[in-house]
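As given in Swiss-Prot:
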type	residues	note
BINDING	Trp96, Tyr100, Gly140, Asp165, Asp191, Ile212	S-adenosyl-L-methionine binding site
BINDING	Tyr100, His112, Glu138, Gly140, Asp165, Asp191, Ile212	S-adenosyl-L-homocysteine binding site
Amino acid sequence: MLTTSSSTMLGKYGWQILRRLASKSWEHTRQRKKPSGAGSRVLTDAREVFEFNAWDHVQWDEEQELAAKAAVAKNSTSKMEAEQKERFQTDAPKFWDSFYGIHDNRFFKDRHWLFTEFPELAPLAADSAVLQPRSIFELGCGVGNTILPLLQYSSEPQLKVFGCDFSARAIEILRSQRQFDEKRCEVFVMDATLDHWQVPFEENSQDIIVMIFVLSAIEPKKMQRVLDNCYRYLRPGGLLLFRDYGRYDLAQLRFKSGKCMEDNFYVRGDGTMVYFFTEEELRGMMTQAGLQEEQLIVDRRLQVNRCRGLKMYRVWIQTKFRKPL
């Protein structure tokens, strides 16, 4: 949904981008799922479930809720030993380096859908762009699946995009991409869980900070520190755009016993970690950081495999929180 403030920022060029992107066919990968938005497909007759590959705004019944809770209880009964848990947390950058070393830039697809879900990222009107500088910072930028579309579609002369990632390999791959523009974009390696960020910009300077499937990869006890620093570097009135895994997502239910580090926090087979949030948890942490809620959506989708007759329930959480003026 477009807010009044965001719609006034969009000129003719910005709206053309949104319309063009809305008509794209979307690729699906592990973490880069297209959110539901305008033109959502809602299942009203259960007999039609296998007519399409996906359905939006799916409501769970009591039986599904109980089954999901039972699956999580089963896979989290046996927690990982402290020594093993410490190794995964300490070596997190190494596991992500290994991940990107194997997959390069092929695993995740560019997030062109961000312009429809977060129109604040769409190009400014030509007259506004000349007069209004913008600074956007992405935490956990990976190989540029957000940054590259931003650079591709915006011709704003005063747009500056920053990005950081745990993984030195990811940053190396991003810098090597044809679409990367070092005049408009600066990326660097940084551990966002540190108390003090080493960044090439001042506090209270960023118009937008983007976090897409990033906070879930961080140890829960360090999450608040990350959001506190987001608040510190947002300008007054600046916006934090966020999307991540929700509680009882299919990915959580599929974990085997022995992969649980602590409640709702798991390690994947490749050594990377993932947490599954509730809306209450996110609202609490964002508010504690000093941010004000503008949007908090639990996005429930049903994906189906029509050949195998499988139903797969996905849960993501999408938020917009603003730093007060």
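Each position is counted from 1, following the chain as shown.
The backbone N, Cα and C atoms fix where each Cβ goes, glycine too.
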In all the protein chains shown, the tally of other Cβ atoms within 10 Å of the Cβ of Asp191 (S-adenosyl-L-methionine binding site) is 14
Report the same-chain neighbours of Gly140 (S-adenosyl-L-methionine binding site): residues 6+ apart in sequence with Cβ closer than 8 Å to its Cβ, ordered by sequence.
-> Cys164, Asp165, Phe166, Ala192, Met211, Ile212, Phe213, Val214, Ala217
Sort out for me which one of Glu138, Asp165 has the most neighbouring CB atoms within 10 A, since those are the binding-site residues we care about.
-> Asp165
Reduced DSSP state (H/G/I helix, E/B strand, rest coil) at Asp165 (S-adenosyl-L-methionine binding site) is strand
Would you mind reading off the Cα separation of Tyr100 (S-adenosyl-L-methionine binding site) from Glu138 (S-adenosyl-L-homocysteine binding site), to the nearest angstrom?
-> 18
Rounded to the nearest Å, what's the C-alpha distance separating Asp191 (S-adenosyl-L-methionine binding site) and Glu138 (S-adenosyl-L-homocysteine binding site)? Just drop the number here, would you?
-> 13
